[in-house]
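*Asks:* Sending over a structure as structure tokens; questions will come in a sec.
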Amino acid sequence: MERRIHLMQLPREVLLGENLTGEVVSVAKRIGLTGKALVIYGPKTKEIAGRDVEDAIKSAYEVSSLTIRKGATMEEVERTIEKIKDEGIGWVIAVGGGSIIDVAKLSSFKTGVPFISFPTTASHDGIASANASIKDLGSKTSVKAVPPVAVIADVKVIKTAPYRYLAAGVGDTISNLTAVRDWQLAHRIKGEYYSEYAASLSLMSAKMVMRNADIIRLGNEESVRKVIKALISTGVAMSIAGSSRPASGAEHLFSHALDMLLDKPALHGEQTGLGTIIMAYLHGMKWERVRETLKRVGAPTNAYELGIDPEVIIEALTIAHTIRPERYTILGKDGLTREAAEKAAKITGVI
């Protein structure tokens with residue numbers, strides 16, 4: 001008889017509050033992290049919180065640091081791995097947005113060293129998930145790695161990021177609605193594994209931001225808390241599922257297609273938000289509710305607001321199905337025709 005083993009790796013601690021830089025050491029101690037620490041940040045996030053985190057850790061651990069300048073690329077991942085190995089690093093803490101966290105995630109996975117996520121924005125659900133989005137050879141791919149052993153979300157730090165990032169976090173969370181529909185479709189048509197538990201948690205996160213859209217729009221600390229909670233529980237849903245299925249469907253393929261077609265893509269969550277409006281229409285869902293929520297939080301709902309040529313939107317819709325052919329979605333095996341793509345984008349007001 002075949003043994004069915006399903007591994008769920010989850011963060012052991014999630015800390016949400018204010019002025020948490022001083023808490024890093026106690027979290028590390030509680031989890032039992034030992035050895036030299038490596039703090040990873042970007043040039044901006046070093047100033048926002050990176051240096052403070054580094055100083056806080058110095059009181060109890062030997063510390064090294066690394067500035068990521070090129071975003072989430074394989075080159076930066078290799079550079080981080082090299083530093084971890086050369087300096088005998090015992091644990092890593094990533095202070096930054098999605099790119100910095102993704103670099104830490106893949107580096108720690110490849111070296112077997114635990115990492116803590118210290119997000120400086122609430123713009124996407126990678127802050128607590130096991131999946132890393134890495135740019136390599138021109139295109140972005142989602143790579144399975146490990147989730148952080150802890151997430152330390154300081155609402156005061158996150159609130160300093162431009163409001164646009166918070167609105168993007170809503171876009172990434174609301175995409176769970178169509179992602180779960182795609183997952184259910186793949187389960188019915190392809191017999192793919194489906195977890196009711198993971199799907200429910202993912203949908204709950206999306207519904208939570210929809211219900212609290214007006215509070216989120218205020219852009220205060222309570223707004224940050226609402227979005228961060230939704231993003232973290234989405235990350236946990238992915239860990240429970242053992243894949244990004246609960247939070248990534250055709251709307252994410254559309255966003256990846258835009259990444260490939262544009263020299264300067266918009267924020268990930270802004271693109272997935274737009275994709276969710278269109279995919280909700282294709283699924284026969286109440287797409288107007290998705291658009292309404294995005295409008296209420298001040299997120300873009302059309303190509304014009306994102307500064308994207310309508311032609312690019314149509315092209316992205318027609319090539320989206322080729323990005324992860326093994327991932328069955330509403331786009332099917334053959335994708336959308338140009339006519340169908342244009343019609344869907346026009347009906348939903350995206351173009």
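Cβ coordinates are placed from backbone N, Cα and C, and glycine is handled just like the others.
When I checked Swiss-Prot for this same protein, it listed these features:
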- Gly98, Ser99, Ile100, Ile101, Asp102, Thr120, Thr121, Ala122, Ser123, Ser129: NAD(+) binding site (BINDING)
- Asp125, Asp172, His256: substrate binding site (BINDING)
- Asp172, His252, His268: Zn(2+) binding site (BINDING)
*Asks:* How many whole Å apart are the CA atoms of Gly98 (NAD(+) binding site) and Asp125 (substrate binding site)?
*Replies:* 8
*Asks:* State the count of C-beta atoms found within 10 angstroms of the C-beta of Asp102 (NAD(+) binding site), not counting that atom itself.
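*Replies:* By my count, 30.
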*Asks:* Which of the three DSSP states, helix, strand or coil, fits Ser123 (NAD(+) binding site)?
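*Replies:* The three-state answer is coil.
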*Asks:* For His256 (substrate binding site), which of these binding-site residues sit within 10 Å, Cα to Cα: Ile100, Asp102, Thr121, Ser123, His268?
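*Replies:* The binding-site residues passing the 10 Å Cα test are His268.
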*Asks:* Provide the number of Cβ atoms within 10 Å of the Cβ of His268 (Zn(2+) binding site), excluding the reference atom itself.
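*Replies:* His268 (Zn(2+) binding site) is surrounded by 27 other Cβ atoms within 10 Å.
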*Asks:* Enter the number of other CB atoms within 10 angstroms of the CB of Gly98 (NAD(+) binding site).
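*Replies:* So the Cβ neighbour count for Gly98 (NAD(+) binding site) comes to 26.
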*Asks:* Tell me, in order along the sequence, which binding-site residues from Ile100, Asp102, Thr121, Asp172 have their CA within 10 Å of His252 (Zn(2+) binding site).
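*Replies:* Near His252 (Zn(2+) binding site) by Cα: Asp172.
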